[in-house]
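Annotation source Swiss-Prot lists domain 'tr-type G' at 9-284. The GTP binding site annotation in Swiss-Prot covers 18-25, 95-99, 149-152 and is backed by sequence analysis.
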Amino acid sequence: MSSLVSEIARRRTFAIISHPDAGKTTLTEKLLWFGGAIQVAGEVRARKADRHATSDWMELEKQRGISVTSSVMQFPYRRETADGKAQENIVNLLDTPGHEDFSEDTYRTLTAVDSAVMVIDSVNGVEAQTIKLLNVCRLRDTPILTFINKLDREGRSPIELLDEIEEVLQIQCAPMTWPIGMGKAFRGVYHLINDKVQLFDPHGEKGTAAILDGLDNPELDRILGSQAEELRIEIELVRGASHTFDKDAFLNGKQTPVYFGSAINNFGVQSLLDALCELSPPPLARNTDSRVVEPQEPKFTGFVFKIQANMDPRHRDRIAFVRVCSGRFERGMKLLHVSAGKTVAINNAITFMAQDRNTTEEAYAGDIIGVPNHGTIRLGDVFTEGEPLKFTGIPSFAPEFFRRARLNNPLKVKQLQKGLQQLAEEGATQMFRPLASNDLVLGAVGILQFDVVAHRLEHEYGVDAIFESHECATARWLKGTPAEIEKLIAKAGHNVALDGAGDHVYLAPSMVNLRLTQERFPELQFMETREIV
């Protein structure tokens, strides 16, 4: 039991959230590099050459230079603790799509982490997608570390950036490092906690030229000249005006420790990784419909937060990503697949390093394992050693955009149905079958998703499909007795469809129609979100 507790205590499971182009993929690469997980960081700007960013592995992502699915990467990281001891953590990094069209996949990924790193572009500050994602984290009081990136560019002043984060995101900022100059004048950072100056070297392998002790170090004046005295005055003001770090406030999602750096130059990344391991919580307790599951419980529990089709086109596979919530997983163990009511032996689970995969011999609470899925596992499904649990809080959103699928080759209907069904099981799109026709209607939270589906249908399933506009304003899941649902079908069946799980959905042609239908059928609930479990 003590080895179980110590293994779980080593785990840190987090996601990186940001607006597109804030440098999230670059930061992900550099964290992996500092963790020793990759030999060469696949620099994003060189993406059209042979080297693609390690976490952007799907063909479409490589073409577009954006992350459209969530990747999972695990690596060990050895660091020195504040008291000088060596400590090894197991880091589980979940890379999430930064593009606004993939918010639903990102949302679900954020249900599988214990903390998050928010990347802010020093030039652009807080942007729209950052606000949305932080609000998602806030629903679960997820602890947030902040990395203000691109200090090597001419950006906004650090005080202005912190003020904006506090005002717009309504979260206290506690600066842990402070920049010395910006843009061409950027010389490094001062560490407010341990009174050290870390000097910037854009040509050094790790971005650092030297680390000096103390602000009063005469060496600082020799290297920085007049900037040294400016730094001392600025730090005195910062200490007086800013919040000091409060670990309880951080763990409750009320305060964010802030680090400054330049991911593309490797600068500030190692400090962030050290802080992530030092400050972020180990795996946390999880709510179910019947009780709270503690990570140190000896029996295995886990839930599916993501399904990905065709991670390896050679294998035509589907993988269910399972967050381990408690206990220890061992290869070959028999687990209850709660929703199916069946016990299954898991012999070929895998761990991830983007698309690289290894068979998992064991995994602990906080880890992410991949379970091969032959169509029986769905988002939100739970695996246990026998207890019929359901983890709560894994949502599905009503789509905002709808398209009807049309085939250029009518003989490919079966392949189209199979492709749409499998891609919908990933949860980024939803498939609806109207009761009154043979149409296949696709719904998504972002318009770009239809391009992704068309591309993947063509390249992974050999189906050439066109997505035409479909007269639908919104979708609502129907909640009520079978008799009440039948009444609605009798009167307005042309607007009722079945979703991928076989549940009834009302596809409203307009918001006015939805309001009138709700008034006519007050006994039915028209649900905008549905908990997958």
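Even glycines carry a Cβ here, placed using N, Cα and C.
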Structural state of SER18 (GTP binding site), classified by DSSP into three states: strand
Local Cβ density at ASP21 (GTP binding site) - other Cβ atoms counted within 10 Å: 15
Sparsest-packed of the listed binding-site residues (SER18, THR96) - C-beta count within 10 angstroms: SER18
Model confidence over the domain 'tr-type G' (9-284) (mean pLDDT, whole number): 85
